[in-house]
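Undergrad: Pasting a structure below so you can have a look.
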């Protein structure tokens, strides 16, 4: 019952360990996927930040150009105003010169006076519209035209720059929105990573608890094994003492008044029984060891014999293949000779030739020197009745015959042991050999789990 419970507990621990390892691997894969997504989002964010920085640089450049153009425009405005002021001054000077000239012309006649009056009327109108009039000189007109053209071009450039500024502002808004989205996605990914880390920590705790439980169970199992061995040895000693007491009581009952010789005989008998029991135990241990050695030796011998049989079978196969090829060649030759004879028969229908001689018999197969050499070695190594058995085993046999031979050998060996030695019952000695293998497998699995936990 204890062994079955321990096996169940070990199976449960192994299943829990496998589940924990599977969950750990899934979580690791998900963590790698999230890391890859996070790296991609980081790259996109870095690209967006670079684009934003480029847009900021371009916007700063545009703003600097606009400021430069505005300064240039203000300078041109001041130049135009100064040119207009010069034009008004020149106009006034021209008017004063005209008046002076007209005064000088008044001395000439009335016609000149009428012209002067007309000039005065024109002066009254030109005083009101002096700012709008153009300069009479060619240089002023050229400067004004150039300034107007520059103003128009500057206004057009200003409009273009304003449109570009609006576009850049819209792009900036889009980039800011993308950055905010990336930040939100990053926050979501960080939360998922934290959750996965928590789950991983839980799995690690569960696996650590499983490992601790396994170690405790292993320690308990070893303690139970030691206690069982001690109990068996104690039970054996008690059994020996009980047998001693039974014999002594039986002898005491037979003789109501025991003598000294009888007591000595009883003591000697008890000592002899004790020695016999000890020798029996030692003999049983030796028999166990010899049995294990014999099993190992028989297995090695069987493997060696099977290998030799394989080699011999391969050699026989090669010989048979050669014989088959030779027989095929002979059959071809015979067919060819039959065809030739048939042709001859057809040619000479009248004259019947005597029948051809029969083909010579096939030569016997050549003896195999390797097989004979191996049989000689076996005869020398096993010179008794076992030699005949080994020679039979060297011949190619079926697996059923091999198993029968094994069974016979084991039965003979057991009969010899039984005749010479009284063995223990089967329940005490026969123990399942699969347990240590399963425990070794569990130990290796637990060691792997410990290594995984240590690597983290």
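Quick reminder: no glycine exception, Cβ is built from N, Cα and C everywhere.
Residues or ranges marked as N-acetylmethionine by Swiss-Prot on the basis of similarity to another entry: 1. Feature annotation from Swiss-Prot assigns phosphoserine to 3, 4, 101, 249, 375. Residues or ranges marked as coiled coil in Swiss-Prot: 7-353. The region 'Disordered' feature in Swiss-Prot is assigned to 343-405, 418-445. If you look up Swiss-Prot, you'll see 352-369 marked as compositional bias 'Pro residues'.
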Undergrad: What's the CA-CA gap between residue 101 (phosphoserine) and residue 4 (phosphoserine) in angstrom, rounded?
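TA: Roughly 142 Å, rounded to the nearest whole number.
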Undergrad: Other than its own, how many Cβ atoms are within 10 Å of the Cβ belonging to residue 249 (phosphoserine)?
TA: 10
Undergrad: For residue 4 (phosphoserine) and residue 249 (phosphoserine), what Cα-Cα distance in Å is obtained after rounding to a whole number?
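TA: Here the two Cα atoms are 42 Å apart.
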Undergrad: Work through the modified residues one by one (4, 101) and point out the residue whose CB has the fewest other CB atoms within 10 angstroms.
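TA: It is 4 that, of the modified residues 4, 101, has the fewest other Cβ atoms within 10 Å.
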Undergrad: Mean pLDDT, the coiled coil (7-353)?
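TA: When the pLDDT values over the coiled coil (7-353) are averaged, the result is 75.
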Undergrad: Tell me the coarse DSSP state (helix, strand, coil) of residue 101 (phosphoserine).
TA: helix
Undergrad: Which state, by DSSP, holds residue 249 (phosphoserine): helix, strand or coil?
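TA: In the DSSP reduction, residue 249 (phosphoserine) maps to helix.
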